[in-house]
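Look at Swiss-Prot and you will find 1-85, 134-198, 247-256, 301-304, 363-403, 449-481 tagged as topological domain 'Lumenal'. Annotated region 'Disordered' per Swiss-Prot: 1-61, in sequence order. Per Swiss-Prot, compositional bias 'Basic and acidic residues' is recorded for 1-19, 27-53. Residues annotated as transmembrane segment in Swiss-Prot: 86-106, 113-133, 199-219, 226-246, 257-277, 280-300, 305-325, 342-362, 404-424, 428-448, 482-502. Annotation comment: Swiss-Prot describes 107-112, 220-225, 326-341, 503-896 as topological domain 'Cytoplasmic', evidence class sequence analysis.
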Amino acid sequence: MADVGDLKADGSQLRERPSAKPLHLNNSDDAKQKVLKLNDQEDKDHKNDESKKRTYGRTPDGTVFIVPQTHDMVSQLLSPSQPKNLSDIAVLAVLASLILTFYALPKSARVPIFAIIFLFWRAGYNAGIGWLLDGQSKHNRLVLWAKQSHIFEKPETGKNPNPALYKLLKRELETKIPKDYKFEEAPLEYNTWLVFRRVVDLILMCDFVSYCLFALACFNRPQESWFLWALRWTTGIILFLFNLWVKLDAHRVVKDFAWYWGDFFYLIDQSLTFDGVFEMAPHPMYSVGYAGYYGIALMMASYKVLAISIIAHAAQFAFLILVESRHIDKLYNPPPPRLKTFLFVNAFAWRLWYTLGLGYILDRQSKKKNWTKHFIKYGDTKEEAWRQWKSLYHLSMTMSHASFVALAWKMYSLPPDGLTGLTLFRHVLGAGMIALQVWTAMSIYESLGEFGWFCGDFFFDPPSKSLTYNGIYRFLNNPERVLGLAGVWGIAIITWSPAVFYVATTAHILNLAFLQFVEKPHVIKLYGENLREMSGVSKTVRQALPDPVRQWQSAADQYINTTVESIEAMLDRARSKFAGSVDTFVNDTTSLFKSYPARIPISRHHSEDLSGLNLKQYKLEIEGTTLPPAVEQQKNGGREGELARTPAIRTNDFKTLCLEYGAPIRVRWQAPLNHSKKDWIGLYMVTDNQSRKVTRISSNGRWVATNPDAFDSTRADDGILVSDKLLPANDNDEESTDCYTGEVEFHGDKLWWTTGVFEFRYHHGGRHHVMALSQAFEIRIPKFDETDVEVDDNGTIHRAVEETLLPIIQNCFDRDPEIAPSTSEEPFGSLVERDGKFARRVVFAVHQMFGIEFAPEVVQADGTVRNLAWRICNAKKVLAPYSMSATHGRNTPTMG
């Protein structure tokens, strides 16, 4: 780097640029500031010459390094100017084998085989790469694999078990990156990313080539006019070229770093301008970037290609939602406010109710008059049913629109550059669409009146058996289908938020379903042949079209109607057949189990050779914050028999271990020298395990490894304090031998946040064989005894409640100084409001200690220990008339 090995803290000597040796800084924040400074300096020094500009990145541990220039996969594989290596030859060989397979197969076998091949590579892309990236994002799994395998360490150190693989990787990667890169000096994260992207190259190239070969196998020449042929090919080519431009422009903006998901491994801090295709649509590489698939389907004139394109596109969106978006939110976005989530769920729920809920009521009313029957059953009239329906419909419609506007208002943010360019166009277009929907709604109400607006013909017989086509209905048969949701889309275009677009899309689909499956059958039943087949606008447009297009439209309409009727008939047949098959299956299965009542044993562990391990050398000791001895007296409350009311007499020095609720617990372990590095310690309720030798219930995350880096998860190492510390044998004990000791701490989410009796279990080799058990201990929340505290100067117990409450709340907040208060006046940290688990812990403790149950929102609203203590005292005053226990102080108002 610049020489990053010789860089000073103030950033001097940045212009010397001798080597690419990384710089190791103290923490991630310092590294971020250094990278920003370096990249800004490079932008200034080489503003007019991009070829000489270097890019700097950083790893999570604070290592700053030069990110060498790399090239896209197509250039690497096919460009003669780019150096080639063994992995390039392997990828090209796989691609060549796909092409040879295509030509070797008979035409009848190409379609099914290449459909399977493409779906395999698509699964490798979305499921395979998605799984790897998800593990890397959550647990740093790929980097941990590389670290544990030592494949990037020099063979001279003796740690690398595969020197030949090291030399191969060094030759492969340095061949590809001749400038600013040394294999042995590059950070572990960057080398891991380089190997990962070679796997990505193979999967992505095979995915695209197998799709193209499948499309060629499905090529079809339909009988059509020259006009349709030209229209189909022109549209397909335009979509394909548009797809190509989207990919190239996206790569121009994000470079290889984002193209190959580099931010899952390391980060580049610099100022980027997201122009071009990124101003056109959200996530352009996954949305409009798949237009070429549909263009190819058009050119091939194949519904099979269209179907598999839709499947691939849907899988890509699933990859975006489940993997990439979660990582982006985790890395770049602060935790989303709970209000936004609530507003989204609220708008979505109201839209579902408005279409599905009201649609179901209207469907039952149309077929069985269920709504009217319900009111008549309880003594009301059909007029009352009609009035109640109008109220419900109006409320549902108002809340549906209001909740959507509230969501859009919360999601909307004015761009930093103001209303200019495309942003201004979006606002003008959106405002126009909103005005269009308002005008449409007013026109519909003027034409239909109150009776038609509230679907009156579902409840009363219409005054006429023929529809009157006036107002807006003179031009459109069903304006709600075409213009009814224009304003919803206008708001979505203005906000430009994925959440608002999702609700708008859902609303449109549900509206079309309502019109097709609820309103249309009812209108046909009422008015039958008196319906107008074609609206005024449709008739005018149809007359302006050429004859071939009109003929094609008629044929297409007939084909679609025939297809819909066939599908409905097929579903009816399948429904009856499926119901009969299910009955047969249930009867056969029942008789089979009656005939063969065998028990199938299920075991969750495999037999394993534990010879050579001495169980006597495994030990566990517990150290935690114990409760005062006075708490033990709360066990005896006068509820026992006469003999059991006195404290039990012990015959040894054993003491019951009773620990504080939520306090960290340290566990010291001892194991033989040959113990497995994948040993682990779990925390369980004593009553959850019947066996003392094998654990048969999951720990739900309440476990810590004995040795660091033994598992593919950073969570496993959280809590390790000491590992494999040699404990020499006791010379005075002949049976004593050398052994290892260590210490781990259970805190936060690794604790049980309830009361009960628990134990720690030491497990062998990453499995569930129990090698040692700790002493059973109890987690208890002592009752607050008002008779045993002193009142303050005001005659209240407020101060005593504060003092009792403060340590409990500190434990509930994981004793984290960022959120846990150090005094009763200090406010809670902001994380308490964002994550409800902290408030729920406090609510449970308060209920156990004071006998008062609060909602978690009360804890978040109070914000300090003092306020919460005041609320507890006030609640005890209010509930005092219902309590028979004696109290100190003035708990009820005095008359005087």
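Every residue, even glycine, has its Cβ placed from backbone N, Cα and C.
Counting Cβ pairs closer than 8 Å and at least 6 residues apart in sequence, the transmembrane segment (280-300) and the transmembrane segment (113-133) reach fewer than three and form no contact. Same-chain residues lying 6+ beyond the ends of the transmembrane segment (482-502) with a Cβ under 8 Å from its Cβ atoms: 282, 340, 344, 404-405, 407-408, 411-412, 426-427, 429-438, 440-441, 476, 508, 511. Same-chain residues lying 6 or more positions outside the topological domain 'Lumenal' (363-403) and placing a CB less than 8 Å from one of its CB atoms are 343, 346-347, 350-351, 353-354, 357, 450, 454-456, 458-460, 517-518, 521-522, 525. Under DSSP, the residues of the topological domain 'Lumenal' (134-198) split into helix, strand and coil as follows: 43 helix, 0 strand, 22 coil. Note: the stretches the transmembrane segment (305-325) and the transmembrane segment (199-219) are in contact (3+ CB pairs below 8 A, sequence gap of 6 or more). Remote same-chain partners of the transmembrane segment (199-219), defined as residues 6 or more beyond its termini with a Cβ less than 8 Å from a stretch Cβ, comprise 73, 76-77, 87, 90-91, 94-95, 98-99, 102, 107, 110-111, 114-115, 117-118, 121-122, 124-125, 128-129, 260, 293, 296-297, 300-302, 304-305, 308, 312. Proximity of distant same-chain residues to the transmembrane segment (404-424), defined by a Cβ-Cβ separation under 8 Å and at least 6 residues beyond the stretch ends, is recorded for 279, 339-340, 343-344, 346-347, 350-351, 488, 491-492, 494-495, 497, 499-500, 503, 507. In the predicted model, residues of the topological domain 'Cytoplasmic' (107-112) average a pLDDT of 92.
Residues in the topological domain 'Lumenal' (247-256) partition by DSSP class (helix H, G, I; strand E, B; coil) as 10 helix, 0 strand, 0 coil. Counting only same-chain residues 6+ beyond the ends of the topological domain 'Cytoplasmic' (107-112), those with a CB under 8 A from a CB of the stretch are 213-214, 217-218, 304. Same-chain residues lying 6 or more positions outside the topological domain 'Lumenal' (301-304) and placing a CB less than 8 Å from one of its CB atoms are 111, 115, 215, 218-222, 232.
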